[in-house]
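Presented below is the structure to which this report refers.
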Amino acid sequence: MPPVSASKAKRDAKKAEREAKKAAAGKTIRKLGRKKEAAAEESEVDAAAREIKMMKLQQDKDGLSDRVVTGVLSSLETSRDIKLSSVSLLFHGKVLIQDSGLELNYGRRYGLLGENGCGKSTFLKALATREYPIPEHIDIYLLDEPAEPSELSALDYVVTEAQHELKRIEDLVEKTILEDGPESELLEPLYERMDSLDPDTFESRAAIILIGLGFNKKTILKKTKDMSGGWKMRVALAKALFVKPTLLLLDDPTAHLDLEACVWLEEYLKRFDRTLVLVSHSQDFLNGVCTNMIDMRAQKLTAYGGNYDSYHKTRSELETNQMKQYNKQQEEIQHIKKFIASAGTYANLVKQAKSRQKILDKMEADGLVQPVVPDKVFSFRFPQVERLPPPVLAFDDISFHYESNPSENLYEHLNFGVDMDSRIALVGPNGVGKSTLLKIMTGELTPQSGRVSRHTHVKLGVYSQHSQDQLDLTKSALEFVRDKYSNISQDFQFWRGQLGRYGLTGEGQTVQMATLSEGQRSRVVFALLALEQPNVLLLDEPTNGLDIPTIDSLADAINEFNGGVVVVSHDFRLLDKIAQDIFVVENKTATRWDGSILQYKNKLAKNVVL
């Protein structure tokens with residue numbers, strides 16, 4: 001056999017390699033083909049989940065912001081105050097803020113107000129990502145996402161984040177010295193930050209914050225990957241409070257807290273000595289925490305001094321004066337127009353008419369006083385129902401524990417009842433079983449002993465913290481309700497009216513629900529709840545995401561409803577408006593509170609440890 005040349009040997013080897021790869025590829029393709037069908041459905045779910053995530057982050061498919069902003073820094077680069085002029089904000093082409101101003105002074109605590117869907121969360125995101133020209137030395141933290149799932153316990157998570165923050169500041173000090181020299185004005189606040197962090201006390205201070213937010217000696221050691229979304233939000237909040245950024249942005253921080261934790265957070269934030277911008281729909285909380293208000297209304301940011309009550313009083317006075325000026329000016333305009341019209345061609349009056357027309361033209365050029373645009377007020381309404389004789393819902397000596405923890409009863413020998421006149425508030429710290437009690441009422445959970453009696457015609461309507469999970473966020477509200485209740489009606493106009501009755505109107509009905517605010521999605525859930533025509537309402541944190549006027553409308557609807565109501569809520573003002581009976585859930589039972597909800601709040605405030 002003649003010898004094979006080296007070049008031919010290489011060619012043969014490459015050919016064999018290609019054939020081997022081809023054969024392997026064929027096997028791979030066959031394997032992939034078998035897996036492809038199984039993975040198809042999963043990949044569609046993943047794609048939908050990613051789409052929803054990107055919409056919530058307000059980013060396009062490439063991860064770029066869907067927001068368009070303008071703003072000019074008017075304060076000094078070295079200042080801890082932030083002053084911006086020419087502030088504008090567009091989201092998906094919709095103007096949210098136009099040519100406005102923003103001033104955030106160090107040490108002040110601002111409440112950001114505005115109706116659902118006006119763009120408060122979008123504005124906070126734009127601030128947090130420095131789409132506005134905020135100096136780099138001002139560190140910013142936005143709380144709008146839970147802590148990441150990890151192997152770290154709640155305590156370790158907060159301490160680790162604090163260590164990262166300390167390292168970040170040390171690196172920034174080093175960078176500032178190299179770039180600006182050791183005399184830089186930026187160094188003093190950085191040294192203050194380092195001193196305030198105090199690594200020797202990391203664990204003890206982190207534990208105080210976590211316990212204040214509702215953790216106990218056991219749950220503080222639980223891994224974040226094993227926590228529910230609500231508890232992960234508390235961990236993220238604890239981290240934010242612990243590292244104390246120069247600019248702290250909190251988007252509805254009380255949404256996942258019980259009354260006790262809300263009181264603790266209110267007391268803590270009262271002492272926050274940096275800059276805070278807070279979105280909250282709890283009037284009581286805003287009154288307790290805020291030194292200033294920013295009203296996001298009519299595409300403008302309007303600043304007010306004082307807390308929410310002070311803002312409400314000042315705004316009412318300003319609007320009253322504005323309407324007086326508007327009416328006076330309109331009378332003057334009508335008088336001028338009437339004179340001009342009556343002047344006709346009379347020679348002696350034509351000159352006067354021209355003079356008055358100039359006055360009118362100047363008034364218009366200078367800008368006429370605009371009438372006050374009233375808030376959009378709509379009324380929640382739960383359909384009236386047939387009255388049922390008592391007992392409608394009764395617990396007789398029940399005891400309950402979860403199967404995963406049979407040695408620890410949540411309830412023992414509990415007696416409790418609900419009838420058509422009930423307006424019951426369940427209060428108490430997280431983990432004592434308030435939501436569990438509602439699930440026992442619905443029959444979702446069954447007690448191990450005792451008896452639960454339900455009237456044969458009772459129809460329970462349930463609103464929970466997880467009610468929004470039923471919504472397909474890739475659909476519009478209009479598409480979703482029509483598809484879900486296709487047996488009721490296929491007519492879009494019918495569903496427009498149904499959603500409109502709960503304050504979701506116009507474009508809010510037709511855009512994908514992932515782009516709606518939490519409050520707007522809540523309105524969809526309430527519209528669905530009303531369709532079921534329940535005669536007893538079980539409401540678990542119904543105010544989450546709702547703006548203050550909407551919460552007032554909800555309170556009115558509950559008071560006008562002729563069925564029974566049981567509410568779990570952290571909103572003291574709602575409970576003050578509706579609760580006739582307050583039951584404190586603790587020590588494995590529910591005990592009637594002899595006093596008002598505000599007296600209960602004062603009791604909690606006395607026990608706060610900071």
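Any Cβ shown, glycine's included, is placed from N, Cα and C.
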> If you check Swiss-Prot, which of S75, S196, S228 turns up marked as phosphoserine?
Replying inline: S196
>> Annotation phosphoserine per Swiss-Prot: which of the candidates S43, S86, S342, S553 has it?
In response: S43
> If you check Swiss-Prot, which of S65, S79, S407, S467 turns up marked as phosphoserine?
Replying inline: S65
> If we check Cα distances from S65 (phosphoserine), which of the binding-site residues G114, K120, S121, G431, G433 wins as closest?
Replying inline: S121
> What is the Cβ neighbour count of G428 (ATP 2 binding site) at a 10 Å cut-off, with all protein chains included?
Replying inline: 21
> For ATP 2, what surrounds G428, P429, N430, G431, V432, G433, K434, S435 with a Cβ no more than 8 Å from their Cβ centroid?
Replying inline: D258, T436, V585
>> Using the alpha carbons only, what distance in Å do you get between N116 (ATP 1 binding site) and T446 (phosphothreonine) once rounded?
In response: 38
> What is the total of other Cβ atoms whose distance to the Cβ of T446 (phosphothreonine) is within 10 Å?
Replying inline: 10
> Could you give the mean pLDDT over the domain 'ABC transporter 2' (393-610), rounded to a whole number?
Replying inline: 91
> Which residues, sitting 6 or more apart from K434 (ATP 2 binding site) on the same chain, put a CB under 8 Å from its CB?
Replying inline: D258, L426, V427, G428, D540, V568, V585
> Once near-sequence residues are set aside, which residues in the chain of G433 (ATP 2 binding site), 6 or more away, have Cβ atoms under 8 Å from its Cβ?
Replying inline: F400, L410, Y411, V585
